[in-house]
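Pulled from Swiss-Prot, these are the features on record:
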| type | residues | note |
| --- | --- | --- |
| BINDING | CYS67, CYS68, CYS133, CYS162 | [4Fe-4S] cluster binding site |
| REGION | 201-224 | region 'Disordered' |
| COMPBIAS | 203-212 | compositional bias 'Basic and acidic residues' |
Amino acid sequence: MQYNLTRIDPDAPNDQYPIGERETVSDPLEDQVHKNIYMGKLEDVLSGAVNWGRKNSLWPYNFGLSCCYVEMTTAFTAPHDIARFGAEVIRASPRQADFMVIAGTCFIKMAPIIQRLYEQMLEPKWVISMGSCANSGGMYDIYSVVQGVDKFLPVDVYVPGCPPRPEAFLQGLMLLQESIGKERRPLSWVVGDQGVYRAEMPSQKEQRREQRIAVTNLRSPDEV
C-alpha cells in the first residue's frame with residue numbers, strides 16, 4: 001500500500017497552506033513485517049495498537065454551518081447511536097476535539113474562522129467534509145461561497161449529499177476510522193517535523209465502478 005508522507009517545510013512562506021510538502025512512499029513497515037526477526041523501534045510495533053485506540057475514540061468538535069449540521073446531530077440520537085463507534089463525546093472546544101466536521105455552506109467570511117479553529121486543534125486531527133456545499137460549493141456558485149473547504153483545509157473524508165442522511169455520515173466516520181488504522185505517525189505529541197504517513201484510500205466511486213457498470217436492470221421510480 002502506498003502512503004502520503006507529509007512533512008513540515010520550515011522555509012515555506014507564511015501565506016502558504018498547508019505549510020508542508022508531500023510525497024508518495026511505500027509502507028515503512030512493509031519490509032519488516034514478513035521477516036522472522038524484527039529490527040526496528042518498539043514504537044513501530046505499537047503503531048497498530050495505538051491506531052486502534054485512536055480510531056475507536058474520536059471526539060468530534062460541536063459546530064455547524066447550515067442544514068447538514070441537523071443531519072449530523074441526528075446521528076447522535078438513539079436510532080443511529082454513534083456511540084457504537086466511540087464518537088459520542090462532543091467537545092465544545094477545538095483544543096479537546098479529535099476531528100472536525102464541516103457540515104454546511106462555507107462562506108468566505110467564515111473561512112478564516114474555520115481555519116483558526118482547525119489550527120487550535122492538537123495533533124492528531126482530521127477533517128470530514130459533509131454535504132455538497134462543503135465538498136464543492138453545492139448549488140451556490142457565487143462569489144460569497146467557498147467552492148469546497150479543501151481550498152483551505154486538508155480534508156480526509158468527503159460525504160456527498162444535499163443534505164446527506166445520518167447513515168451517510170456514519171459511513172464517512174467508518175471510512176475515517178479505516179484510514180486512521182493505516183496511518184503511521186509519532187506516538188507522542190511533538191513540535192516540528194512529525195513525518196505523518198497517511199494511506200492512499202481509493203474513493204468509493206472508484207471501488208464500486210465495475211459493480212455499477214455491470215447493473216443492467218435499472219429500478220423504476222416507483223421501486224426506489
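The backbone N, Cα and C atoms fix where each Cβ goes, glycine too.
Note on CYS68 ([4Fe-4S] cluster binding site): other Cβ atoms within 10 Å of its Cβ, all shown chains, come to 27.
Cβ atoms within 8 Å of the centroid of the Cβ atoms of CYS67, CYS68, CYS133, CYS162 (the [4Fe-4S] cluster site) belong to the same-chain residues SER66, GLU71, ALA103, GLY104, THR105, MET130, GLY131, SER132, ALA134, GLY138, GLY161, PRO163, PRO164, site residues excluded.
Of all the Cβ atoms in the protein chains shown, 28 others lie within 10 Å of the Cβ of CYS133 ([4Fe-4S] cluster binding site). The helix, strand and coil residue counts that DSSP assigns across the region 'Disordered' (201-224) are 12 helix, 0 strand, 12 coil.
In sequence order, GLY131, SER132, CYS133, GLY138, MET139 are the residues of the chain that are 6 or more apart from CYS162 ([4Fe-4S] cluster binding site) and have a CB within less than 8 Å of its CB. According to DSSP, CYS68 ([4Fe-4S] cluster binding site) sits within a helical segment. DSSP gives CYS133 ([4Fe-4S] cluster binding site) a helix state. When Cβ atoms from all protein chains are considered, those within 10 Å of CYS67 ([4Fe-4S] cluster binding site) total 15, not counting its own.
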